[in-house]
Amino acid sequence: MSTQNIIPEVAHKPKPNPWVIVGRGVLQSFLVLLGIVVLYPLLWMALSGFKSNTEIFNSPFALPQNWSFSSYVDAWNNGVSQFVVSSLIVTAMSIVATVLISAWTAFGLTRTKIPGKPLLVGFVLGGMMLSPTVALVPLVRMMQSFGIYDTHWALILLYTAFRIPFTTFLIRAYMLDLPYDLDEAARMDGATEGQIFRKIILPLCQPIIVSCVILHVLFAWNEYLFAMIFTSSADTQTLPVGLTSLMSKHGTDFGQVFAAMTISALPIVIIFFLTQRYFIRGLTDGMGK
Amino acid sequence: MAEIKLRNIRKNYGTVEVLHGVDLDIESGEFVVFVGPSGCGKSTLLRTIAGLEEISSGEFHLDGKLMNYVKPANRGISMVFQSYALYPHMSVFDNMAFGLKIAGVSKDQIQKRIEKAAASLHLTPFLQRHPKALSGGQRQRVAIGRAIVRNPKVFLFDEPLSNLDAALRVATRIEIAKLKQSMPDTTMIYVTHDQVEAMTLADRIVVLKDGKIEQVGTPIELYREPASLFVAQFIGSPAMNLIPARLTKAGNETEVCTKDGNTIRIPVSSGGELIDSSVMLGVRPEDVWLAEAGSGFLKGCISLIEQLGEVQLVYLEGTFFDQPLIAKLPGTTELEVGMEIELSVKPELLHVFDQNEARLKRADFTQHSEPAVYA
Ligand SMILES: Nc1ncnc2c1ncn2[C@@H]1O[C@H](COP(=O)(O)OP(=O)(O)O)[C@@H](O)[C@H]1O
Ligand SMILES: [Mg+2]
C-alpha cells in the first residue's frame, strides 16, 4: 500500500482561466474601494484637526497648509484628557466585571448540574431583550438611592449589568464546545469546581474572551445614553458626552472639535487593528467546526 | 491492596435504568476486562467506580470501605479516558503535575515522580511539548502517565485503544500488558467492545449485556464454557456457528436431531421436560474438519472462501442451517467455491443451548479438563 503512495504525482497546473483573473481583479478593486470608503472619513477627520476654521470651510478636502498641533493640544487641555481618563476607568472596570461574571455564569450554565437549567438559561439570555431606554427612569431613582449618581460607579454598574446577557451568550456557546471529559479528568485529579473554572475552562476560553473584551470596548467607549443621563460633572463624563459638551462650549472652533473626535476614536481604531485576527477567530470558533 | 466489591449496583438516568443490579468481586492486583456490545453499560459501570456517576442504589466497597459517597479524587482511583482528555493548554509535564499540585505534593516529589513515569513511558523528550504537538500514541501514553503518577490503587481504562490505528493498537495493547506486569499490586479494570483485546489482556473477563452481568470468567472459561448463547457468540472470532435442532433424547447424554434428520449424541445433561423442544447446536469454526464423503455430520456447498494463508475461512451453505456455516480449515487444503464437502465434529466440542439461550452443562465433572485432542 505504502509503495503505491510513493509514485510521484505529476504536478500539472491548469491553464489560468481569463475569467477567474477578471473576477479576482473586480473583487480586489471592490475591496480596495470599500477600504477607502471606511478609512477616508477617519483620515479626513484627523486631517481637519490640523486646519484652521477658514481652511475647513474654504478647502475642506485639501491637505492642511501648516501642520499645527495646536488644536490637538487645546482639545486635550480643554477637558478631553479628563474624558479619556473617565472613559478608560469605566471601560476597563466594566470589562473586568462583565467578563468575569459572564464567564462564571456561562460555566454554571454549561458545566454544572442544576435543576431547571433551560429556564435559567432563558432567564439570563432574556436579559438581552431588556431595553435600556425603557428602564431609564427607575434606574435613575436606583442610582440616586445607591448614592452613586454622577460617579463612575454608576456607569460601571450599568455597563456591566446590561452587557452580561450578551457576553454570557457568547461565552456559553464557546464553552458548550469544550469537551466534558476535561472537567471529568480534572475532577479525577481532585480539582474543585472553582479550580476547574480557573485552571482549565477559563484559559481554554481565551479566544472568545478576547472577542468579548473587544466588543465591550466598542460598546463602553461609545455609549452615550447612560453616560449622558447618569453623569453630569466634567470629571465624571466619558468621551461621547464630554465631546458634546465640548462642542457646545467651543462649537465654533471646528479644528478643535475634529481634534477631540480624533483623539477619542484613536484608541478604538488601534485596538481593533491590533486584535482583529483574534476577534474574528473567537466569534467563529464558538460555532463548532 | 485494592479489593473491589460491587453489591447490587444500580444506575438510572431519570426513569431509565441503565445498570440493573451488578454484583462483582475483583481481587487485588487483578486485570479485569468489561466487555460487551455498544450501549450495554460498560462505561457507566466504570464511571460509577471512578465516582464520576453517582450510584443510584447498591454498594461499592474498596478494601472494605464504602466508596459510594467518597469524592473521585479521594478513592485512590485513576482513569484513562477514551479521548485521553489531556488539558490542551498545558505542557505534558503540567498535565501530569496537575493532580499532584492540587493534592499538595511537594515540588521535588512531583519532579521525581513525573521523571520516573516519563522514563518508563518513553515521554522524557516530550515533557515540555503541548498535547497538540504529539502523535496519537504519544498522547495515549501521556494519559497513562497522568494516571500513573498519582500512584493509584485502581487503574481504569475506558476503551483506550479505540482512537488508534490498527498497528498502533496492537503495540499499545502489548504496552498495557507490560504496564500491568510492572504494577502487580494495582488492580486494573479495562473497558472494551473488542473481544480480542479482552481475551489477550484479561485475567478475568466480565461480559455485560443490557446493563447486567452475563458471565464472569477467565478468557479460556468463556471460550470453552460460555454460559449462554450471547457469550458464545460474543467470544471467539469468527463467531460460533449456530444450527437449529430438536432435542430427541434427554439424560446424561443428550441426543439432538437437525432439520435434515441427522442425529448426534452429545455428552451434556438435559431434563426430560426438554424432549421435543427446539434447541440451538453451537459449533466453533475451528472445531470442525474435513470428512470423507458419506461420513461427515455437516454437509454443504462452499459459497465463499477467505484465504488467510495459515487458515482459510470456508462459508458453507446447506439445507439445515439458516445462515452460512463458517469453517476454519487449514490453508493448504485445496478447496474451491461450488464444491460439495462434508465436515466432521467431535460431540464433546459441541454446545447445546436451550430455548432460554442457556447452555446445557455436562453431566460429569470433567468439564474443566482439556478436551480430547483429535487427529
Ligand atoms: N448521561 C446519560 N443520560 C442518559 N442516558 C445515558 C447517559 N449516559 C449513558 N446513557 C445510556 O446508558 C446506556 C449505557 O451507556 P454506556 O455505559 O455509555 O454504554 P457502553 O457500554 O457503550 O459504554 C446507553 O443506553 C446510554 O444511552
Ligand atoms: Mg463506552
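Our numbering is plain: 1 for the first residue shown, then up by one each step along the chain.
Glycine residues also receive a Cβ, built from the backbone N, Cα and C atoms like all the rest.
Counting same-chain residues at least six beyond the ends of the transmembrane segment (A:21-43), those with a Cβ under 8 angstroms from any Cβ of the stretch are 265, 269. According to TrEMBL, the feature transmembrane segment maps to A:21-43 (among others).
Under the heading transmembrane segment, TrEMBL lists A:83-107 (among others). Outside the transmembrane segment (A:83-107) by six or more residues, the chain places 124, 152, 155-156, 159-160, 163-164, 167-168, 171-172, 174-175, 197, 201-202, 205, 209, 212-213, 216-217, 220-221, 231, 235-239, 241-243, 263-264 with a CB less than 8 A from a CB of the stretch.
Marked as domain 'ABC transmembrane type-1' by TrEMBL: A:84-275.
The transmembrane segment feature in TrEMBL is assigned to A:119-140 (among others). Long-range contacts of the transmembrane segment (A:119-140) within the same chain, counting only residues at least 6 positions beyond its ends with a Cβ under 8 Å from a Cβ of the stretch, are 105, 109, 149, 158, 162, 164-166, 168-169, 172, 225-226, 229-230.
The transmembrane segment feature in TrEMBL is assigned to A:152-175 (among others). Remote same-chain partners of the transmembrane segment (A:152-175), defined as residues 6 or more beyond its termini with a Cβ less than 8 Å from a stretch Cβ, comprise 86, 89-90, 93-94, 97-99, 101-103, 105-107, 109-111, 121, 124-128, 130, 132, 139, 143, 146, 201, 205, 207-209, 211-212, 215-216, 219-220, 223, 226-227, 230-231, 236, 238, 282-283, 285-287.
What TrEMBL lists as transmembrane segment is A:196-221 (among others). With a cut-off of 8 Å between Cβ atoms, the residues of this chain six or more beyond the transmembrane segment (A:196-221) that come close are 87, 90-91, 94-95, 98-99, 102-104, 107, 111, 159, 163, 166-167, 170-171, 173-175, 178, 182-183, 186-187, 238-239, 264, 267-268, 271-272, 275, 278-279, 281-283, 285-286.
The feature transmembrane segment is assigned by TrEMBL to A:254-274 (among others).
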